[in-house]
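Feature annotations, courtesy of TrEMBL:
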- 24-258: domain 'BAR' (DOMAIN)
- 155-198: coiled coil (COILED)
- 297-357: domain 'SH3' (DOMAIN)
Amino acid sequence: MDFSVKKLASGAGLFLTRAVQFTEEKLGQAEKTELDAQFENLISRADCTKHWTEKIYRQTEVLLQPNPSARIEEFLFEKLDWKVPSRVTNAELLGQYMQDAAKEFDLGMPYGNTLEKVGECEKRLGEAEKEFLQTSAISFLTPLRNFLEGDWRTISKERRLLENLRLDLDACKTRVKKAKVAEAKAAAEHELRIAQTEFDRQAEVTRLLLEGISSTHVNHLRCLHEFVEAQAAYYKQCHLHMQELQKELGSSTFKLPNAFALNSTNAIATPSMVTEGSSSPVETDTLKIEEVQAPATGTRKARVLYDYDAADSSELSLLADELITVYTVPGMDSDWLIGEKGNHKGKVPVTYLELLS
């Protein structure tokens, strides 16, 4: 019991001594042992690394999981060492809704058939997103979190200890200066030597930890490369899925029953409007590209954004970055233009072009 009281009193006395030393330094009434310039640079570099690593980590979390409630739930699961449940992505959910709607609207009809195809593509996009999220969490987020929760906590702990030992050292220096009696001065100098040794030892430990920030940068650089690779692979996969969908939709043709044929003003015809022998515009002969004449005016230049492989002889294959001449013809679907390059002519999708003035 006496030992505990003495230990508590000693701890309180040490705390008070440090508080007094700190206050006097702030008031300019006591000297402060300064660290060398190289040491101060290491501290500044470490603080800068922690600051920006934390910001990048938090914003990457938001990028990968925009829902704050979901982030909190995942955090709790990790802290409790429970397995984080697999989540359905928004794209997967949209795709499922589209496919369910397609069954209700009849897969044999244009709208239902297209909903089915787009829904399947959305599901593939969702699966690609899920793979990207998992890869990024492992290769990028986890190393950053390990630094913040591991290495940085160790550095912070050792820096606090170094600061306490510096306060003790400077307090000893103050006592040596104030000592008048030879015996008291000798005791103060002995305390000063011990405090200096402890401070120097702790400074060396802290310096080694701070110098390790260079290795942290190398590790984070490697992780950053992996994150970029994962992101590039994800967007490439999404682009390929969308290209395949565009080709599939562009090559699809549907014939509507006469009773629901579209008139020239795009209004739905009623059964009474359809006479015997008449035909729907959808059922008219396929546009013959070789018969299409370029208008005297209205042609424009366009730059090709992506490679495009013609689905049939009426379309024109494209290569990214090439320049072509484009124009429209009456009655043509607004999603398409007539493109010309050299002696070749054919339909080209508008979404693959950047129209130039």
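Placement of Cβ uses the backbone N, Cα and C atoms for every residue, glycine included.
Unlike curated records, TrEMBL annotations are generated automatically.
When pLDDT is averaged over the domain 'BAR' (24-258), the result is 89. In terms of DSSP helix, strand and coil, the domain 'SH3' (297-357) has 3 helix, 28 strand, 30 coil.
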